[in-house]
Structures are given as structure tokens and as C-alpha cells.
Amino acid sequence: MIEYKNVALRYTEKDVLRDVNLQIEDGEFMVLVGPSGSGKTTMLKMINRLLEPTDGNIYMDGKRIKDYDERELRLSTGYVLQAIALFPNLTVEENIALIPEMKGWTKEEIAQKTEELLAKVGLPVAEYGHRLPSELSGGEQQRVGIVRAMIGQPKILLMDEPFSALDAISRKQLQVLTKELHKEFGMTTIFVTHDTDEALKLADRIAVLQDGEIRQVSNPETILKAPATDFVADLFGGSIHD
């Protein structure tokens, strides 16, 4: 379990997060949603210590995150960004191999897992493994990014607006794929988006942020039927749902 306890972050005169309390269960798909500047990405970056809170603590399995070895923490956490961060001079296979190599996997183990995961995301290794990122579409690059984040079998997968720059068809395909992989591998997924439709589609629970504070945490059905504040009601008022 991941737990934020009274977490705050302050830059000079600006409160980025204020008294954030949130529990994320093992294996849960938690979506953080809110407008730009609401603190979503800040919360995400605190999990692998890219940012440190000025007050409060974040716990993983009962232990403060700041007490974990930083390298081991990051190797146990997958990260997928909006900006597709593949190394341009490395092939698809070489990009994917980076984390397993750091973990000391054999070449055979890396090759087997790479082939397995690329097949799952619809990119057969025989066809795509030797390609450079420049030879892939945006959607294909993001699929490789997902494989790279997952190949090390992380306990936690962090996804920061990973599909917002993609076309509608690619975005929908990757939403379905991400949910399927989350269920198959049983990891805890924390997903940041400003898109309420995406949040409703993916989440087990949604945490709604405004001005550095959490306004509501609940499942999608409750968010729609019983919004806790006018802000939550307005934010989800235009959402398209079944």
C-alpha cells in the first residue's frame, strides 16, 4: 500500500500541495485528475523521490519512501511520461533492455521477456525490435515506452498523461491495453490525467485535485452520482459515460 500522510509542498510563497492524505491499495488503478497546476504530477513524482515533500510523509508498505534506497526504489517503479522518452540512438530492443541490464538479467532473460511483452502490445520483435524510435509512429513509440516501464516487473507503474499527445484512435487503443496489462500483471498503477473521460474509463478510484488539495476520492460511479463539491460536479459535468 502507498499512503500519503499530511503531505505538503511549498515553493517560496506558493503551496503546490496542502495537507494531502490518500491511501492507494496494492493492485489498485488510481487516477489523479484535475486541471493544470492542481498538483497531480507533483504527487506522482514524490513516489519515486523526484520531488520531496516539505511536510508530511509518503509510505510504501508501512515504510517511509525517503528511507528506501533511492536507486532500488526507482528500479522497482515503472514510469511512463507524456513526452515519449526513448533514446533516439538505440533500437527498440536496446531501449527496452536498459532496466533489466541494470538489474543484472541475462541476455536470454531480456530477449525472452522483450519478445513476450512486445507481442502483447502488438509490436512483434522480429518486425520492430531492430527499429529506431524515429521509424515508429507516436502510438508505437508509446507502446515501447510502456513495455520499457513494465519489463522490470515493477510493483508500481506511474503514468503521467501518457496518451495526451496521441491521436484519438491511438489513445483509445492504449487505454484498453494499459488496463489489460494492469490486470494481468497485478501491479499498482497511478495514472495522471486532466481528461475526465479517460479517468472514468480507467480508474478503480479517482482522486480529484484542485489547487493542491484533494476534493474527493471515490469510484467513478460515485464521482458521477454524488460529487462532493461543486468543483467536482462541474469538472465531470461534461464527461461522456455509459
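All positions are counted from 1 along the displayed chain.
Cβ atoms are placed via backbone N, Cα and C, with glycine included.
Listed in Swiss-Prot:
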type	residues	note
DOMAIN	2-236	domain 'ABC transporter'
BINDING	Gly34, Pro35, Ser36, Gly37, Ser38, Gly39, Lys40, Thr41	ATP binding site
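Ser36 (ATP binding site): 7 other CB atoms within 10 A of its CB, across all protein chains.
Residues near Gly34 (ATP binding site) in space but far in sequence (CB under 8 A, at least 6 apart, same chain), listed by position: Lys40, His194, Val208, Leu209, Gln210, Leu235. Every protein chain shown contributes to the tally, and the Cβ of Ser38 (ATP binding site) ends up with 24 other Cβ atoms within 10 Å. Cβ proximity to the ATP site centre (mean Cβ of Gly34, Pro35, Ser36, Gly37, Ser38, Gly39, Lys40, Thr41, cutoff 8 Å) flags the following additional same-chain residues: Thr42, His194, Leu209. Listed in sequence order, Asp160, Glu161, Val192 are the same-chain residues at least 6 apart in sequence whose CB falls under 8 Å from the CB of Thr41 (ATP binding site). Scoring each of the binding-site residues (Pro35, Gly39) by how many neighbouring Cβ atoms lie within 10 Å, the top position goes to Gly39.
For the binding-site residues given as Gly37, Lys40, the lowest number of other CB atoms within 10 Å of the residue's CB is seen at Gly37.
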